[in-house]
Amino acid sequence: MAMNSKRKTPPGIALLRRVRGRNWSPKTFRYAILFITFIAYACYHASRKPSSIVKSVLHPDSSTKPPQEHNSDKIYPWPMGNVFVKREIGDIDEVLLHRKSKGWEPFNGKDGTSRLGEIDVAFLACYSIGMYVAGHLGDSLDLRLFLTWGMIGSGFFVGLFGMGYFWNIHAFWFFLVMQMAAGLFQATGWPSVVAVVGNWFGKRKRGLIMGIWNAHTSVGNICGSLIAAGVLEYGWGWSFIAPGFVMSLGGVLVYLFLAAYPEDVGFPDINSNSGKFIKRKRDVEEEEEEVEEDLGTDVEGDGEGSSGSGSGYENKRSVGLLQACMIPGVIPFALCLFFSKLVAYTFLYWLPFYLSQTTIGGEYVSVKTAGNLSTLFDVGGIVGGILCGYISDKFKARATTAAAFMYAAIPAMLVYHSYGGVSQTVNILLMMVAGLFVNGPYALITTAVSADLGTHKSLQGDSRALATVTAIIDGTGSAGAALGPLLTGFLSTLGWQAVFYMLVVGALCAGLLLTRLVIAEIREKLGYVDEEVPASEPLLTDRR
């Protein structure tokens with residue numbers, strides 16, 4: 001399927017170029033691409049957090065003690081006193097919540113946690129299914145427009161979910177449908193942003209660059225938690241409307257300023273080996289060397305610069321799902337991500353609820369505080385993503401690094417569950433360590449590994465497969481992301497220990513699924529050449 005050859009320069013860039021009178025360098029555009037895609041996907045993740053924040057409001061636990069009045073500033077100095085506090089008499093919604101224990105129909109019954117798990121799985125199942133379609137469309141359509149409409153549509157349906165509060169809706173099907181629609185639109189995000197970054201950056205040190213860039217996941221989670229928790233006292237509906245509005249604004253930013261392809265702003269396709277671009281070769285190469293020094297990345301291919309805007313590039317055909325699945329390494333990493341995201345998304349959707357329903361230092365924390373406290377898991381995730389990317393680049397061993405982190409996540413989670421209630425300080429430290437090991441391999445696989453495989457040498461530079469490969473890997477992972485929260489909804493009724501045992505099994509399976517690739521990487525390090533295991537080749541070497 002040929003790509004549209006009539007793409008236009010983004011209107012915001014076109015306007016600024018007219019005002020400025022000349023174009024920017026490739027180096028400047030690369031920085032802009034990293035920044036805009038970072039903001040875009042942070043918005044995606046921010047809009048996913050509200051459901052985890054409001055769980056304790058929709059389904060209150062009547063067994064917990066009512067809030068007690070106290071002066072929080074005497075416990076924690078500013079700014080901690082305004083963020084990490086116990087249940088306060090000043091939190092009007094929480095006082096009413098514990099006084100009446102009403103919650104919100106249809107989530108306040110005995111099967112409330114199960115229904116909360118069902119709306120999570122509805123979102124993630126549609127997200128997973130939509131990912132496969134979105135990946136192929138992303139390789140076939142204009143990524144800028146595709147991402148724009150995905151963000152606006154997602155923000156719209158996230159906001160509609162929150163309107164159920166103001167419209168006094170208690171029909172389960174309404175919330176289910178809103179989550180399903182939001183999940184389909186959310187599927188446009190990840191394949192698109194990875195493909196855009198892959199269009200502008202080569203493979204060398206891709207793990208470190210994308211490890212840093214992938215902090216948008218945790219930054220989005222943190223911002224989403226803080227926004228949703230911050231407006232919760234005005235009604236839980238605002239916890240959805242505010243992130244949904246921010247999401248739509250992000251879509252406008254993408255439409256105006258995202259140059260999804262170098263060709264759209266007058267530069268060659270770095271993944272092309274065609275040599276059809278004949279102008280500005282020396283200038284482009286000089287800029288590429290500067291970017292390599294600043295960002296640790298090189299530019300592949302021997303394409304040459306063009307001063308055109310986007311209408312003069314060569315057409316690219318997108319690859320099919322089956323062809324993309326045949327790329328060595330795609331299936332093992334996709335299956336690994338299934339279990340990795342099962343673990344990560346269980347924390348994403350249930351950690352605030354878990355924190356509000358368990359004692360920390362002998363005290364219960366408020367719903368708002370639980371949401372704020374859960375952000376520290378993502379702080380650890382930021383460090384984990386960067387560290388995992390750096391190590392995988394240093395040793396040229398993506399699979400070994402990912403597997404090692406997954407195995408390390410097992411004791412980290414068990415220790416957190418066993419000793420996280422000792423005190424708030426211990427809880428924070430153990431939570432960050434768990435976040436480091438859980439989110440590290442998840443970040444590595446969804447970014448650097450996906451981009452590596454999407455530009456695999458078997459494609460010979462003749463196809464666009466970045467979005468499709470990313471969709472296959474992340475779509476499979478999202479099936480696990482749907483399963484984890486669903487199982488948690490049922491297992492939590494048996495006790496949280498059962499949930500953590502499930503997480504341990506998931507992490508173990510994720511590591512074991514990479515065993516074959518780990519062995520191949522170790523054999524290569526020892527000087528053996530195993531031609532029967534080609535899956536690791538694009539992940540270990542810089543050979544073109």
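Just so it is clear, glycine is given a Cβ too, placed from its N, Cα and C backbone atoms.
The compositional bias 'Acidic residues' annotation in Swiss-Prot covers 285-303.
Residues or ranges marked as region 'Disordered' in Swiss-Prot: 281-313.
What Swiss-Prot lists as transmembrane segment is 28-47 (among others), and the listing cites sequence analysis.
Annotation source Swiss-Prot lists transmembrane segment at 121-141 (among others).
Under the heading transmembrane segment, Swiss-Prot lists 156-176 (among others).
According to Swiss-Prot, the transmembrane segment annotation covers 181-201 (among others). Long-range contacts of the transmembrane segment (181-201) within the same chain, counting only residues at least 6 positions beyond its ends with a Cβ under 8 Å from a Cβ of the stretch, are 29-30, 33-34, 37, 40-41, 44, 47-48, 122-131, 133-135, 138-139, 143, 146-147, 149-151, 153-154, 156-158, 161, 209-210, 213, 258, 260-262, 269-271, 295, 297, 299, 446-447, 450-451, 454-455, 464, 466-468, 470-471, 474-475.
For 218-238 (among others), the entry in Swiss-Prot reads transmembrane segment, with the evidence type sequence analysis.
Here Swiss-Prot flags 240-260 (among others) as transmembrane segment, drawing on sequence analysis. Nonlocal intrachain contacts for the transmembrane segment (240-260), taken as residues 6+ away from its ends with a CB within less than 8 angstroms of a stretch CB, comprise 9-13, 29, 32-33, 36-37, 39-40, 43-44, 46-47, 49-50, 54, 142-145, 147-152, 154-163, 192, 195-196, 199, 224, 227-228, 231.
Residues or ranges marked as transmembrane segment in Swiss-Prot: 319-339 (among others).
Distant neighbours of the transmembrane segment (342-362): 48-49, 51-53, 55-56, 61, 64, 120, 124, 221, 225, 369-371, 373-374, 377, 409, 413, 420-424, 427, 434-435, 438-439, 442, 480-485, 488, 492, 496, 499, 502-503, 506-507, 510; these residues of the same chain sit at least 6 beyond its ends, with a Cβ under 8 Å from one of its Cβ atoms. Sequence annotations record features per position, and here Swiss-Prot assigns transmembrane segment to 342-362 (among others) based on sequence analysis.
Beyond the ends of the transmembrane segment (371-391), by six or more residues, the same chain brings 52-53, 83-84, 207-212, 214-215, 217-219, 221-222, 225-226, 228-229, 232, 347, 351-352, 355, 365, 397, 401-402, 405, 424, 427-428, 431-441, 443-444, 447-448 to within a C-beta distance below 8 angstroms of the stretch. As annotated by Swiss-Prot, transmembrane segment applies to 371-391 (among others), with the evidence given as sequence analysis.
Tertiary proximity for the transmembrane segment (402-422) is limited to same-chain residues at least six positions away from its ends with a CB under 8 Å from its CB atoms, namely 336, 340, 343, 358-361, 384, 388, 392, 430-431, 433-434, 436-438, 440-441, 444-445, 449, 496-497, 500, 503-504, 507-508, 510-511, 514-515, 518. Residues or ranges marked as transmembrane segment by Swiss-Prot: 402-422 (among others).
Same-chain neighbours of the transmembrane segment (471-491): 113-118, 120-121, 123-125, 127-129, 131-136, 138, 187, 190-191, 321, 324-325, 330, 333-335, 337-346, 349-350, 442, 445-446, 449-450, 453, 498-499, 502-503, 506, counting only residues six or more beyond its ends whose CB sits under 8 Å from a CB of the stretch. Swiss-Prot lists 471-491 (among others) with the feature transmembrane segment.
Panel annotation: around the transmembrane segment (494-514), residues 332-333, 335-340, 342-343, 346, 350, 354, 358, 399-400, 402-404, 406-407, 409-410, 413-414, 417, 438, 441, 480, 484, 487-488 of the same chain, lying at least six beyond its termini, place a Cβ under 8 Å from a Cβ of the stretch. As annotated by Swiss-Prot, transmembrane segment applies to 494-514 (among others).
Between the transmembrane segment (218-238) and the stretches 28-47, 121-141, 156-176, the greatest number of Cβ pairs separated by less than 8 Å involves 28-47.
Counting residues 6+ beyond its ends, the transmembrane segment (28-47) has Cβ neighbours under 8 Å at 147, 151, 154-155, 158, 182, 186, 189-190, 193, 196-197, 200-201, 213, 215-221, 223-224, 227, 243-244, 246-247, 249-250, 253-254, 257-259, 262, 265, 267, 291, 295 in the same chain.
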